[in-house]
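According to Swiss-Prot, the protein has these features:
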ACT_SITE  Cys247  active site, nucleophile
BINDING   Ala125, Ala126, Ala127, Pro128, Gly129, Ser130, Lys131, Glu149, Asp176, Asp194  S-adenosyl-L-methionine binding site
Amino acid sequence: MAQHTVYFPDAFLTQMREAMPSTLSFDDFLAACQRPLRRSIRVNTLKISVADFLQLTAPYGWTLTPIPWCEEGFWIERDDEDALPLGSTAEHLSGLFYIQEASSMLPVAALFADGNSPQRVMDVAAAPGSKTTQIAARMNNEGAILANEFSASRVKVLHANISRCGIRNVALTHFDGRVFGAALPEMFDAILLDAPCSGEGVVRKDPDALKNWSPESNQEIAATQRELIDSAFHALRPGGTLVYSTCTLNREENEAVCLWLKETYPDAVEFLPLGDLFPGADKALTEEGFLHVFPQIYDCEGFFVARLRKTQAIPALPAPKYKVGNFPFIPVKNREAGQICQAAASVGLTWDENLRLWQRDKELWLFPVGIEALIGKVRFSRLGIKLAETHNKGYRWQHEAVIALASPDNVNAFELTPQKAEEWYRGRDVYPQAAPVADDVLVTFQHQPIGLAKRIGSRLKNSYPRELVRDGKLFTGNA
């Protein structure tokens, strides 16, 4: 694999020499940083099993190497990357996999280690969505996830990735993560804080990542991280699990932040060792039981992961002074809900008791039941999935609901050829050789729902959202 030139400040190299365990070679560290990062993907088990995914993609000649800490994760090598970007493959467009760096799969593995099965989870810094979607898959779309993102521009990307992967148990918020300890005290069974950091571990992906690096900025970032972990710890229920992670390598932003929390709440913080998380985890194990992953250990990004348990309650923070405002949705009455369920089922959309129908004007939404306890305590950017808009003739079913709820085994499902599926993703109407009988047609490709079409004569009218329409070369190789 080709080398690339990474910029290293002298002070950074000095700091790394001091931070690196004697069991590791500094020369190996420098050599690893100069190698471009291996591509990796995670199979979305909400839509397809790992075995079926491997069978589906076998004809492509992809080389898939299992990632030790994530059963559904693989390093991937492809001969046709220049001809067809991974993000333009049919399997990516339909949400069968997520392009995710291997080491960033570690925090969620730690969160669910030792049979942990939380019902309400918060992802404090969630965009672009790799870990939120991984959490949702581990929860099998059950329970509830609060996915927060401080950056307004990244909330849209977060929602797009959640929708593509067919996730239905998520509420999105847009706040500084430091508000949650006061706003939602002891509300979560598990919390992932993948903290904003100096990014020292990402030089293999971005050779200029350290251009603005300084020891002073590390100190400033660590101060923010302490405030974030303190807030997250207050939002965690007693007995709950907190995973703290970064993609940086200095101790100030990693071990020191966790040790500060333990010093602050000595009777409430228990470190849970990660040495048995996967075979070979001991190579990155610190004396505290954390994983400090230097890039040469597993040939991945530099990363840090700590897992801890809240053993008892701690004094509450002052209640927030802001007003949430009136919640604009009302629950749908049982009788009407039954009619909506019946109409949805006729086009292949079904859901279970983990979701409940709510209405706002002519909009119908499905919210995860597990998030209802948070209503009135925090303002949501987006909650659950938009099911439909009502109109005089019935319901206008929404694309995100089709991707999250549709069963490809529905009698009205219509499987497209590769050429017709590509037309669909380009936003064009489809003219199949033999038109289906039903007026509302669940469109599938590779036995996966990719949208809902209206049959008009021999034409299937495209309803693919304009913002998702793709140009350029797609999976059939035609531009």
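From the backbone N, Cα and C atoms, a Cβ is placed for every residue, glycine too.
Annotated features taken from Swiss-Prot, shown on the structure.
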residue	record	Cβ within 10 Å
Ala125	S-adenosyl-L-methionine binding site	20
Ala127	S-adenosyl-L-methionine binding site	23
Gly129	S-adenosyl-L-methionine binding site	27
Lys131	S-adenosyl-L-methionine binding site	25
Asp176	S-adenosyl-L-methionine binding site	13
Cys247	active site, nucleophile	24
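The DSSP secondary structure for Gly129 (S-adenosyl-L-methionine binding site) is coil. When the Cα atoms are compared, Ala127 (S-adenosyl-L-methionine binding site) and Cys247 (active site, nucleophile) turn out to be 14 Å apart.
Straight-line distance linking the Cα atoms of Ala125 (S-adenosyl-L-methionine binding site) and the residue listed as 'active site, nucleophile', rounded to a whole number, equals 13 Å. Between the C-alpha atoms of Lys131 (S-adenosyl-L-methionine binding site) and Cys247 (active site, nucleophile), the distance comes to 13 Å.
Of the recorded residues, Gly129 (S-adenosyl-L-methionine binding site) and the residue listed as 'active site, nucleophile' place their C-alpha atoms 15 Å from one another. Across the fold, the C-alpha of Asp176 (S-adenosyl-L-methionine binding site) and the C-alpha of Cys247 (active site, nucleophile) stand 19 Å from each other.
Per the record's binding annotation for S-adenosyl-L-methionine, residues Ala125, Ala126, Ala127, Pro128, Gly129, Ser130, Lys131, Glu149, Asp176, Asp194 show a top Cα-Cα distance of 20 Å.
Taken residue by residue with DSSP, the residue listed as 'active site, nucleophile' is part of neither helix nor strand, so it is coil.
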